[in-house]
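First, the structure itself, so that you have it in front of you.
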Amino acid sequence: MVGTIRKNKRALPPEFVNGKNRPVATSMFAYRDNCTLVSYIPKKGKNVLLISTMHDDDSISEVTGKPEIVMDYNCTKGGVDTVDQLCANYNCACNAQRWPMVLQLPEVLCIHLKRFRHELMFSSKISSAVSFPLKGLDMRPYLHTDCISKVTTYELFSVICHHGTAGGGHYTCFALNSGQWYEFDDQYVTKVTPDKVQTCEAYVLFYQKIRSSADTIRDKAEKISESCGENVQRTYISRQWINRFYYCAEPGPIDNSDFLCQHGAISPDRDLDIDKLAMVVPYDVYDYLFKKFGGCPPFTNLGICPACRALHKRLLMEMETFMQVSREAQNQDAPHTHYLSTSWYTQWHNFVQKRNQEPPGPIDNTKINLNQLDLNEAADVPECIWNFFYNIYGGGPEIRIKPPSIQRTGSEDSIPENTDDTVFNIPVLKRGRTESNASVASSSGAPEFVIPTLKKDKKDVKPMIDKTMYSHGEPMETTQMPNNGVNGTDNEFGGTQEENCVETGISKNESDIVQNHLSNNVGKKLASAVLTNVDDDIDEEEGEEIRNNKRHRRRRKNLVNSSL
């Protein structure tokens with residue numbers, strides 16, 4: 001058997017999954033349980049993973065330079081089996097038929113019947129009758145030889161029906177409760193017979209395992225619990241497993257992992273909720289259940305795990321320190337001076353968030369390619385965040401970001417020196433940024449640096465008047481009229497026209513244009529002030545209707561124009 005294997009499998013070594021930095025036409029081999037795993041790079045950025053039970057060596061074809069596993073797979077390409085090891089049968093192409101293969105039976109079996117056919121132009125409903133048993137559905141003919149389920153018989157407890165066509169319809173439900181079938185149609189609930197349920201046009205069928213053997217075990221466990229006195233030895237069992245024991249035909253082995261750590265003690269995160277997560281039972285009851293289902297050993301000590309408590313304290317301190325210094329770095333706008341591997345940072349973040357139990361290990365920047373920088377793999381961070389991670393985990397290599405070169409001119413002041421050596425900033429990790437004039441250099445020969453801010457000379461600049469404000473829009477309002485009229489030599493700027501031309505930096509001709517425009521607008525205001533109000537002959541009772549009349553507006557406009 002030979003076939004491809006998916007890259008998202010956790011059992012695969014990381015070196016086999018990541019092939020970005022590997023040379024073209026290279027291969028890697030791994031061996032386990034009569035299986036050979038190969039990783040081949042046919043072209044840049046392409047990684048092919050194959051698994052085979054036919055090959056047990058690292059033989060490579062002398063003609064093509066490809067592994068023999070790849071050559072054999074290309075000759076057949078039998079497909080991919082998604083069941084166990086994701087390998088395909090080493091056979092020639094032939095007609096095949098798809099069939100279900102069950103490895104483990106669920107407690108509730110949901111069967112969805114294909115009642116609707118969707119074509120390219122239209123959809124239709126399939127109303128064919130489908131027979132289904134109410135009791136005694138045996139799933140043994142559909143099981144794989146490696147199936148671990150012992151209870152294989154199901155009974156029906158609910159049915160969903162569809163009434164109508166593919167364009168619209170109505171849903172109803174049949175449900176079994178205490179041996180009696182009921183029909184649920186919106187707010188109407190009626191009793192029905194089993195024959196009506198069996199002859200309905202079913203759309204979705206719900207089966208559950210028959211719990212005959214489980215009921216016998218539960219009755220025996222309750223009798224043992226009643227016979228035990230108050231002074232007997234007691235132990236703790238997870239309430240989740242107790243619920244499965246009472247409502248499932250196969251609850252599985254006893255599992256206390258919801259409140260126990262990997263060391264077999266109470267996890268620090270579950271200390272306050274231990275009464276809600278665990279249930280006290282007599283030791284004799286636990287011994288009887290352990291013989292029937294197996295599982296974890298008895299748990300009698302409610303002490304918190306010291307190793308997990310120390311780890312919890314360490315992770316909490318790391319995360320709090322990281323967030324605190326991160327806020328300080330954002331406020332101080334610290335420059336980014338180092339590159340940090342984003343994949344390593346993701347491992348650290350998952351570790352402090354308790355998504356992974358193993359620490360990330362030393363910093364690994366070897367995946368950062370300096371010749372062809374990948375911004376998804378390298379993130380630029382300040383020097384203090386690098387020091388924070390390096391002092392805890394070590395590793396490397398340290399990669400510094402070289403600042404862009406700055407050319408000084410004679411009009412620029414001398415660059416101030418940085419004297420603040422006490423800044424300790426850790427910003428939130430973000431994607432790296434690239435600039436056209438930035439480069440990357442190794443830290444072995446890179447000196448300390450600061451990117452300064454250039455300051456230009458501050459010269460006294462005389463205020464300039466925006467000349468466009470006098471030629472567009474409303475006329476400029478004057479606070480005081482000149483004594484000799486609008487055409488006098490003293491204007492509103494507090495001096496003569498010639499003096500203001502020099503002060504404002506405009507020419508004399510431009511000043512004349514401004515003065516003429518100002519005179520015309522002020523003259524219009526004075527003329528409009530002495531006009532007879534054309535609305536004086538309108539009574540208040542007539543109101544706005546006459547004032548807005550078209551003829552009245554024309555009359556008012558003519559009077560204004562003639563006056564001007």
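FYI, residue positions are counted from 1 along the chain as it appears here.
Note that Cβ sites are derived from N, Cα and C of the backbone, with glycine treated the same way.
Remember, TrEMBL labels are computer predictions, not curated facts.
TrEMBL lists 1-210 with the feature domain 'USP'. Per TrEMBL, the feature domain 'DUSP' maps to 208-305, 313-405. For 535-544, the entry in TrEMBL reads compositional bias 'Acidic residues'. Annotated region 'Disordered' per TrEMBL: 535-564, in sequence order. Summarising the annotation, TrEMBL assigns compositional bias 'Basic residues' to 549-558.
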For the domain 'DUSP' (313-405), DSSP counts of helix, strand and coil?
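Residue counts for the domain 'DUSP' (313-405) by secondary structure: 42 helix, 19 strand, 32 coil.
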Over the span of the domain 'DUSP' (208-305), count residues by DSSP class, listing helix, strand and coil in order.
43 helix, 17 strand, 38 coil
Quick one: average pLDDT across the domain 'DUSP' (208-305), no decimals.
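86, rounded to a whole number.
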